[in-house]
Amino acid sequence: MMKLVLFGIIVILFSMIGSIHGSDPPGNYPLNTYGNKYACTILGENDFCQKICKVHGVQYGYCFNSRCWCEYLEEKDVNIWDAVKRHCKNTILYPKGK
């Protein structure tokens with residue numbers, strides 16, 4: 001009986017540790033000029049997805065399920081044209097600001 005109680009306590013503690021750790025950060029798949037997700041071949045962290053995510057206005061991204069995934073990418077910046085308008089610092093293209 002004591003072993004069963006001890007086992008139950010251990011299970012509860014491990015489940016609490018998992019819930020304290022939290023869930024995955026929110027994010028999105030960025031879309032290119034044709035409205036498609038960016039394909040990638042090297043799963044996990046790679047330079048290509050990092051660059052794509054920076055163009056879309058976020059700092060971190062990686063290859064997940066053969067597509068670039070950007071953490072904390074908001075819905076308004078998923079499309080490349082919307083992201084460029086919002087994050088481009090080029091005063092020739094946007095002389096009066098955004």
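Each Cβ is built from the backbone N, Cα and C atoms, and glycine gets one as well.
Given the structure is predicted, the values throughout are model-derived calculations rather than measurements.
Swiss-Prot lists 1-22 with the feature signal peptide, giving similarity to another entry as the kind of evidence.
According to Swiss-Prot, the domain 'LCN-type CS-alpha/beta' annotation covers 26-89.
Summarising the annotation, Swiss-Prot assigns disulfide bond to C40-C63 (among others) and lists sequence analysis as the type of evidence. Every protein chain shown contributes to the tally, and the Cβ of C63 (disulfide bond) ends up with 21 other Cβ atoms within 10 Å.
What Swiss-Prot lists as disulfide bond is C49-C68 (among others). The Cβ of C49 (disulfide bond) lies under 8 Å from the Cβ of Y38, C40, G61, Y62, C63, C68, W69, C70, each of these being in the same chain and 6 or more residues away along the sequence.
Residues annotated as disulfide bond in Swiss-Prot, with sequence analysis given as evidence: C53-C70 (among others). Sequence-distant contacts (6 or more apart, same chain, Cβ under 8 Å) of C53 (disulfide bond) comprise P30, Q59, Y60, G61, C68, C70, E71, L73. C53 (disulfide bond) carries a helical DSSP state (H, G or I).
The lysine amide annotation in Swiss-Prot covers K96.
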DSSP-assigned states of the domain 'LCN-type CS-alpha/beta' (26-89) in counts, ordered helix, strand, coil: 20 helix, 16 strand, 28 coil
Candidate with the highest Cβ count within 10 Å, taken from the disulfide-bonded residues C40, C68, C70: C70
